[in-house]
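> Before anything else, here's the structure in question.
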């Protein structure tokens, strides 16, 4: 009985995941865009349907009307978003599309709070779906049967449309070879627009159909977002059949998880994804030539690659930088405690963003779970400092070593088997596994995290430095973050830095020149993980609390956002982006909902209008220039051709 009910419930969960994932599968497969805002689109659809049907939809037909209205409204919105956003993202790096769609997520979340508020709403199932029936010896909810039926019906409709209709043949032709499709006279922009509209319609329809399945709140977007990405990856890019089978697999794994590990819900799904990515990163239904969704391999944008040569600043800019440094160091004297805390937090986030861009900007590897290394350092220091009073310098060294070790383990496995989007999703999954383990670890405080972390005292034998006050620890943060940043900068303009840049520009040519590309990538991965863990170690005493949110995938997007806002083509771009974003957040902190809309719009405009970021605009204005190497000096990768 229990096993039968669990299997039936698993199938219902799988069909619910498929209803949400169907739209993202179309966009991901056709446009090669990692649309992280899809969960928020689904949430907006749920709110629109809720506005139509209320908390007690009287009948199944009325619930369907709510879903159709939500789907229609979002289809129109999808048409506008396609022309305003998606067309500009089709041929850019996945990291840029991720940040642009994350900005859309912020905008959607803010609009939901402004229009519908932040309250939770529970919607009852229609009377016809409120009961339960016996299927043999198993008593199953009628609403679950309805969800299973809707999932199967949606799959069959998409299967017929894509594989049995003329428009489906056109879509598959464009996905296979866009250039030849254009030569054949196919209006590819129109087809792309129709696909996006269909994807948004499916998201809105899913929001309406799943209304009685969960509470409607501004956190609804998190419910199915990661599972949708899992379905896309496991099934194969853009493959509806694969997405359907993957949804059923995830539902069954979730059911098994409920039976054997009820205290750790959802954990087995991430283990499944990690195992699958390492075994078959191209997905279940991969076809040669189709894994790039019809697009050619994207060459790195030269403007997004930082220079491995020193940058010469004009005397005026150098004076401004010195003045800013003095103003930051003297903040404890003239700002209030709230602003000082934000400033310290911005420094830590800047260091985390520098570590991410060290990997992305110089080597071309984008990880979507970088906050895991940050969380490792934060929890390591927070736990041992609070409960055992271990020496703080020893803890910083230990956190750095732990970051190196964990990054080496992940890199040795991940870099050999995955790349691109698969690498990003793999690291994201590992981060989520860590977060869920922390969530249910009583030793680490579970959901509440570690609180009451003391600020340390540095012991140097004959004397000591007390960092217990906010002012003292802020100055320590300034020195520590500046020192690590300068060491990273020295590394990027060294022989190894030029090897990293060569590896990103053309790995095949770099190998031909004698550079061990795999070793360079692994070394960069280890250094990046070490700096991220050190940033977390510095963060724990400053915040005096560490929660599982520090490891979440949403926190992992923050260094990416800061980097691309400031300019990934510049070493100091992540610092500028962190300052800008923290300042923006502080200025709009009292505007519930509106702050997210404003922040999201600014990020979206910068990513679309100035992909070089804030410093890219400065470069176009001629504020700074690269120092030219002297005649006869070693240049580019030739100096680092032999690691």
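Cβ from N, Cα, C; glycine included.
So TrEMBL lists the following for this protein:
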type: TRANSMEM; residues: 36-55; note: transmembrane segment
type: TRANSMEM; residues: 61-86; note: transmembrane segment
type: TRANSMEM; residues: 98-118; note: transmembrane segment
type: TRANSMEM; residues: 138-162; note: transmembrane segment
type: TRANSMEM; residues: 224-244; note: transmembrane segment
type: TRANSMEM; residues: 256-279; note: transmembrane segment
type: TRANSMEM; residues: 313-331; note: transmembrane segment
type: TRANSMEM; residues: 338-356; note: transmembrane segment
type: TRANSMEM; residues: 392-415; note: transmembrane segment
type: TRANSMEM; residues: 472-491; note: transmembrane segment
type: TRANSMEM; residues: 564-586; note: transmembrane segment
type: TRANSMEM; residues: 598-618; note: transmembrane segment
> Would the transmembrane segment (472-491) count as touching the transmembrane segment (338-356), if touching means at least three Cβ pairs under 8 Å and pairs must be 6 or more apart in sequence?
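They are in contact.
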> For the transmembrane segment (564-586), could you work out the same-chain residues 6 or more beyond its ends whose Cβ comes under 8 Å from its Cβ atoms?
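Distant contacts of the transmembrane segment (564-586): 95-96, 99, 303-306, 311, 339, 342-343, 345-347, 349-350, 353-354, 356-357, 360-361, 485, 488-489, 492, 558, 595, 598-599, 602-603, 606-607, 611-616, 619.
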> For the transmembrane segment (36-55) and the transmembrane segment (338-356), does the number of C-beta pairs under 8 Å, pairs 6 or more apart in sequence, reach 3 or more?
no
> Please determine whether the transmembrane segment (256-279) and the transmembrane segment (224-244) are in contact (criterion: at least three Cβ-Cβ distances under 8 Å, sequence separation 6 or more).
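They are in contact.
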> Let me check one thing: do the transmembrane segment (224-244) and the transmembrane segment (338-356) come into contact, meaning three or more Cβ pairs under 8 Å with sequence separation of at least 6?
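In this chain the transmembrane segment (224-244) does not contact the transmembrane segment (338-356) - fewer than 3 Cβ pairs sit under 8 Å.
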> Which residues of the same chain, at least 6 past either end of the transmembrane segment (338-356), have a Cβ under 8 Å from a Cβ in it?
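Distant Cβ neighbours of the transmembrane segment (338-356) are 328, 331-332, 367, 370-371, 373-374, 470-471, 473-474, 477-478, 481, 484-485, 488, 527-532, 534-536, 538-539, 542-543, 558-560, 562-563, 566, 571, 574-575, 577-579, 582-583, 585-586.
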